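S.K.: What TrEMBL shows for this protein is this:
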- B:104-122: transmembrane segment (TRANSMEM)
- B:143-162: transmembrane segment (TRANSMEM)
- B:174-199: transmembrane segment (TRANSMEM)
- B:220-242: transmembrane segment (TRANSMEM)
- B:248-275: transmembrane segment (TRANSMEM)
- B:287-310: transmembrane segment (TRANSMEM)
- B:322-348: transmembrane segment (TRANSMEM)
Amino acid sequence: MSDTRPTVLSMKDVTLAFGPKVIQKNITLDVKKGSIFAVMGGSGCGKSTLLKSMIGLLRPTAGEYLVDGDRYWDGSEAERTELNHRFGVLFQSGALWSSMTIGENVALPLQMFTDLKPDVIRRLVELKLGFVGMLQAIDLQPSEISGGMRKRAGLARAIALDPDVLFFDEPSAGLDPITSARLDDLILNLRDGLGATIVIVSHELSSLFHIADDGIFLDAKTKIPIAHGSPRDLRDHCDEPQVHAFMHRERDEEGRN
Amino acid sequence: MARTGNIPSFPGNGLDSAPAGSTLAFDTRATTRWDTGLIAFLWDVKRVGHDRHITLDTQSLPAPMRQLLDLLPDVPADKPAPRKKRLPFLETIGTHTLDGLTEIGTVAGLGAMTVKGGFLALTGRSRMRFVDLLTDTTNAGPYALLIVGIVNFLVGAILAFVGAVELQKFAAGIYVASLVGIAMVREMAAVMTAIIMAGRTGGSYAARISTMQGNEEIDALNVFGIPTSTYLILPAVLSLVITMPFLYLYGCLVGMLGGFVVAISMLDITAAGYFHQTVTSFGIGQFIFAFIKSIVFGAFIGLTSCRIGLKAGRSAADVGIAATRAVVVGIVGVIAIDAIFAVIADVVGI
């Protein structure tokens, strides 16, 4: 492993817990600039929780989390908000603000955090919606569009501020294979085009093999990460039975009850 | 580019000097840092070029720019036609009238279904869950005692204050007891309690049901064939129908207590005198009449708030609108029904 790219996000011995209930411990990871980093694992292993702590919604109970070398959780709330402006997040069901049109959803971060004039914002909104192929839906309400379109609109909102790091929570959940494959291509295009780093939580194997080049595998039973590496490497070279079963869609014989 | 606050737009005639069919290449050697503002500009160029049949040599762009630009369409998307057309005046009136009539029909139908569900519940053949009824009744009853008590106590006290000042002038201070007694029993206790319940419980029912609507929970009920009338509306309406009369009784008592406290402290009246004057001031007929009135208020608030919740849209803002509308319709409706009852009382001579 001689990855010379600079590290954007890094966790050292992080423990995540809700009160006394530990979700995951000993999480150590490095996300390199420009990589697509996959957070993998079975249901209920804490993938989404890890993502939550990365975007500042859940403070780890132990360990440290560095964003570009800065200790994220040591800063004040204002500093964290500043760092969060470099993040774009696509939530599982899009999480579009339901009282605004699609265009207004994408425009809101630009209105709140830049001094751009309304016509410039309008052009940028059209541009971001154009990237995801949603230009025709700019004046529609979130309730009027399908689940896949809601995801793409959420993606347009996530890239509204030209983020350095993009987080995806189950981007292909609930999408048909064709839409999901298109979304994967879109993610790759945006990564290359925007030069962004991407962290993706998923258990959609085909999509993981297609796009991710690094990753971490969380185990639900032992509550620690049991493997590091790209999904393809883990599929071909990992001996850990849990990981093997996950990557090859095997039934977990003993772990069923 | 975008961070500096402006993206220059590319003029529509910017490529007029170039002949159709020619190729436009870019020189980006001097570009070191850029953001998507640049792509917005290039997109303009691409669209103008498309109109003029000029090919863009995207190979001359750095790979990331090319990749982003390739995602964008050449032509502006067809905007869907604006949906809302202004209707002529008469059509508007007609539409509103039909909507109003439909709404009355729907609420009446809902009421009929609920009454039917109620009879089935009485004979033990309904599938209403008594746990729901118990929860709703607890929320609408015991939990509302404090606020209903405070408001009715203050109303009674205010009536006594106002009455005492005037009646004292005629040395008729004892009639404060009659004033408070009649006012509370005939109108104030029932109306004030209903207004509180419309704001408190009606609003919460509307919000709850419209949130369920947004989560597709209502759809799930319908698919299973669980009738919303017995599962959702019946417990909500029954809870108010059960608790409102009791809250009315309680409101009467607390209101009279409020009047008593003020009268005793302001006027030269004995406690026994006040009590005696109160009891003789109103007849049992008035009491029963208001008792029935409070039941009607309860049914009205329960039905309209559930109906408004069921009718609501699916967004977060719609939940707020539904809750507001339930409260407004509840309060206005209660006062309107009270006026009807006043006329009826006059006719039958109570």
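Here the Cβ of each residue, glycine as well, is placed from N, Cα and C on the backbone.
Each of the listed features needs to be described in terms of its position in the shown structure.
M.R.: Residues 140, 144, 147-148, 151-152, 155-156, 159-160, 163-164, 167, 240, 243-244, 247-248, 251-252, 255-256, 258-260, 262-263, 267, 269, 273-275, 277-282, 286-287, 289-290, 293-294, 297-298, 301, 305, 326-327, 330-331, 333-335, 338 of the same chain lie 6+ residues outside the transmembrane segment (B:174-199) yet bring a C-beta within less than 8 angstroms of a C-beta in it.
Counting residues 6+ beyond its ends, the transmembrane segment (B:248-275) has Cβ neighbours under 8 Å at 145, 148-149, 151-161, 164, 168, 173-174, 176-177, 179-181, 184-185, 188-190, 192-193, 290-291, 294 in the same chain.
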S.K.: Are there at least 3 C-beta pairs under 8 angstroms linking the transmembrane segment (B:322-348) and the transmembrane segment (B:104-122), leaving out pairs fewer than 6 apart in sequence?
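M.R.: With fewer than 3 qualifying Cβ pairs, these stretches do not touch.
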S.K.: Is the transmembrane segment (B:287-310) packed against any residues at least 6 beyond its ends, judged by a Cβ distance under 8 Å, and which are they?
M.R.: 106-107, 110-111, 114, 185-187, 189-191, 193-194, 197-198, 201-203, 205-210, 212-213, 218, 228, 232-233, 236-245, 247-249, 322, 325-326, 329-330, 333-334, 337-338, 341, 345, 350
S.K.: Residue list, the transmembrane segment (B:322-348) vs rest of chain: Cβ under 8 Å, 6 or more residues beyond ends.
M.R.: 187, 190-191, 194-195, 197-199, 202-207, 209-210, 289, 293, 296-297, 300-301, 304-305, 308-309, 311-312
